[in-house]
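Pulled from TrEMBL, these are the features on record:
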COMPBIAS  1-10  compositional bias 'Pro residues'
REGION    1-22  region 'Disordered'
TRANSMEM  43-64  transmembrane segment
TRANSMEM  157-179  transmembrane segment
TRANSMEM  207-236  transmembrane segment
TRANSMEM  356-377  transmembrane segment
TRANSMEM  393-415  transmembrane segment
TRANSMEM  421-438  transmembrane segment
TRANSMEM  470-492  transmembrane segment
Amino acid sequence: MDAAAPPPQPTKLAKAEPANSPSIWPKAPPAFVRTVLSGHSGLGLVAAALIYIVCLSGTVAVFLNELKLWEEPAAPTMTTANPQAVQAFAEAITKTHPKAGVVYMGLPAPDMPRLYAMVGERVFVADAQGRIAGEASAPWAHFLEHLHIYLHLPETLGLIVVGLVGAALTGLIVSGFLAHPKIFRDAFAFRWAGAKRLSRADLHNRLSVWGAPFHFVVAWTGAYIGLATLLLFAVAGVTTKGDMAKVTAPIYGSVPKADPTPAPFPDLVATLAWFDGRPDLKPALISLTALGTKGQMVEVNAAMPRRLIYAERYTFDAQGRMTHKLGLSDDGLGKQVFASSYPLHFGSFGGLPVKIAYGLLGVALCVVTSSGVTIWLTRRRDRGRPAPRLEKAWAAIIWGSTATLALSAVLWLAVKVPPVWAFWAPLALLVVAAVAFKDARFWTLGLRVATSVLLAAVVAVHAGKFGGRAFDGVALGVNLTLLALAALIVPWRRPLDRRAS
């Protein structure tokens, strides 16, 4: 049909329906409609809770390496490791774990001054001579890492779910700006006096503006990292009959062909010597596959201090000769974007100042997330449609997650209770109890007090367990930070607003 042509005239048989004609859909009982709307709101709250928990855990996980040092303060530390010690450590790990398919060896770095080896879920540390000094697996830090990346779901599913959370957060950030055309003009307007609802809305909007670049970057990279897995599965299904190894080879490297024929142990001293005279490359992680066989492979992730990518990867033969470069630093924009997404998301570039900035901006994102739902619940109440159960549940989620995160650390340090159970089980009980009893103000105040007490308890238990080591180096910094947070979170002044805060 010609776009310029007038619309066709109705035929004489056409008969306009009256405006108040009955709907073809059967009329639903009001009680049923209320139940469906309540369920719809509940699902929205679950989605908001996932966003909040991912933001909260991610904010803490920015300092993951510092928390590993804090959790295992007795393990030996060093600023550098000589190649002979690295060789001796690799051989010792292989002798004690001969069936380990892959061993990852981390070299000392400013935020992780240890020579360590990862064998499955276990982490072993070495002394200055390369002898195995003990285990330093840091299970609580490992729990925190998996909470943020997988939400403790099966890894592939969890990565996709967290990627969807990142996509949802990205959409909320963009739509929030589009819904507030004056948001930049009012960037410094703040109504301290007057209704608490207005000051809360101003805080939400101001933090959204000031932290917008950071919030967008971490949300987008989180979505990218998580949903890339889903995309890779789709590409593998179409192009390689489901062979993920072929699809991921350009960004992760190829898997060596298995050949169990015995072979001499690789010369890691020669491998590390290749980096001498290359100041732009700092060996950070060595991946050792099928050691002691002809199918063995040595890969080295070399950090590039002047680049945003997490590393460039080099492959070496058993004699220490470089045989392949993966090309994350210079082989196309796609690889460079992929390799840069991890440092951008986790703040693992620029040292401690960048981490502190990420931590503060992460707290701001948590406040924006929590206040956004609180503002919505307050508007419902002001319009005569209060949702007291949702208000109480949200208060329990906001402060219950911080309290149970601290509780999981206390119980792990004190009596080795698995952190996964110590976090999720009490949090679920708190939400159920909040819906059934008292009001949102009661749960907000009570859980803020509980969070403060538990943060102080973490420091007390840590000091009781490790003695003087709890007040030395990184451990001292972490413990002082926990005490400062405890002092900031405790409600020194009783709020007058009885709604969720």
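Yeah, the Cβs are placed from backbone N, Cα and C, and that goes for glycine too.
Annotations in TrEMBL come from automatic prediction, not curation.
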Residues from the same chain, set at least six apart from the ends of the transmembrane segment (470-492), whose C-beta lies under 8 A from its own: 63, 66-67, 69-70, 73, 77, 402, 445, 448-449, 451-453, 455-456, 458-459, 462-463
The transmembrane segment (393-415) and the transmembrane segment (421-438) contact flag, 3+ Cβ pairs under 8 angstroms: yes
Folded-back contacts onto the transmembrane segment (157-179), same chain, C-beta under 8 angstroms, at least six residues removed: 47, 50-51, 54-55, 146, 148-151, 208, 212, 215-216, 219-230, 372
